[in-house]
Amino acid sequence: MHSLKITKIIDETSSVKTFYFPHNLKSRPGQFVMLWLPGIDQKPFSISFDDGRTFGLTIFKRGALTDKLFEMKINDRVGIDGPYGVGFSIKPDIHHIMVAGGYGAAPLAFLAEELIIKGNNNIDFCIGAKNKDSLLFTQRLNNIRLRIATDDGSSGQKGLITDLLKNIITADSRPKFIVTCGPELMEKKVLDICNQYNVDAEICLERYMKCGVGICGQCAMDDLGICLCTHGPVVTREVANKIKEFGVYHREKSGKKKYFI
Ligand SMILES: Cc1cc2nc3c(=O)[nH]c(=O)nc-3n(C[C@H](O)[C@H](O)[C@H](O)COP(=O)(O)OP(=O)(O)OC[C@H]3O[C@@H](n4cnc5c(N)ncnc54)[C@H](O)[C@@H]3O)c2cc1C
């Protein structure tokens, strides 16, 4: 566990901030860290930026730990462990279509920047949000082909980000690779579209995680039994197709099933 100082805080939206820490994390896009606030909790967060000197976490304010984090200032310290988990493949030669919803844009922005460093600029970054004010990273990603969909039409196309995806897939017959991270029902739609058009994909999933190292079994996925913290959070299309609970239910802290619909 490293005790790290916050060196920069960016207000992304009214409920999302990116916190930067001076540390060579040696992470891959899609991996996560456990962030510990003594006396409060320890929670997993995807790495949203890592240039080898500094890394960033993009955090949505939603409960005890994130509320406390939002009160913190530059030079305050947090505990960081990691990186953990399996990240996205880095494929330098293929057209990537990235589908991000909410803070799911965090690991995908990091992936897009990593691909550009490797010489792959062939990226469509599709980002969906409720409205213009909830969109993440539109400035940060201004050198990438951004495709935007909002529920109310205040930015980009009105409607679902998955509608844009179909149009991009069918625009030409060149090989494509799809990566997605966001609300699980959105990810399930993306998976269904990938299956329909037979396009390879990687999906970053989220489950309640406690230990992060595959010991506690909290994030075991039915009915493969794999722990998402060590076999994921990024899984291939083939694995996602075998996870029976994907898009159907997840488990609360107590282990009780909670259905998405
Ligand atoms: C691999 C992974 C990557 C994540 N990346 C991000 C990220 O980049 N940005 C971000 O804002 N959030 C991310 N999360 C979710 C984040 O861990 C929870 O939102 C956070 O733990 C909420 O903590 P809290 O104490 O503020 O709220 P709480 O009141 O404790 O929880 C609010 C809700 O968050 C979810 N949650 C709480 N604890 C966990 C946990 N240990 N694991 C998973 N979900 C939990 C539950 O649905 C819960 O109802 C990620 C989760 C996982 C598993």
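First residue shown is number 1, and so on along the chain.
Here the Cβ of each residue, glycine as well, is placed from N, Cα and C on the backbone.
Just so you know, TrEMBL annotations are computer predictions that nobody has curated.
Counted within 10 Å of its Cβ, the other Cβ atoms near Cys229 ([2Fe-2S] cluster binding site) come to 26, all protein chains included. DSSP assigns Cys229 ([2Fe-2S] cluster binding site) to a helix. The [2Fe-2S] cluster binding site feature in TrEMBL is assigned to Cys211, Cys216, Cys219, Cys229.
Positions annotated as domain 'FAD-binding FR-type' by TrEMBL: 1-90.
Sparsest Cβ environment among the binding-site residues Cys211, Cys216, Cys219 (other Cβ atoms counted within 10 Å): Cys216. Neighbours of the [2Fe-2S] cluster site: apart from Cys211, Cys216, Cys219, Cys229, residues of the same chain with C-beta atoms within 8 angstroms of the site's C-beta centroid are Met209, Lys210, Gly212, Val213, Gly214, Ile215, Gly217, Gln218, Cys227, Leu228, Thr230. Mean pLDDT for the domain 'FAD-binding FR-type' (1-90) in this predicted model: 97.
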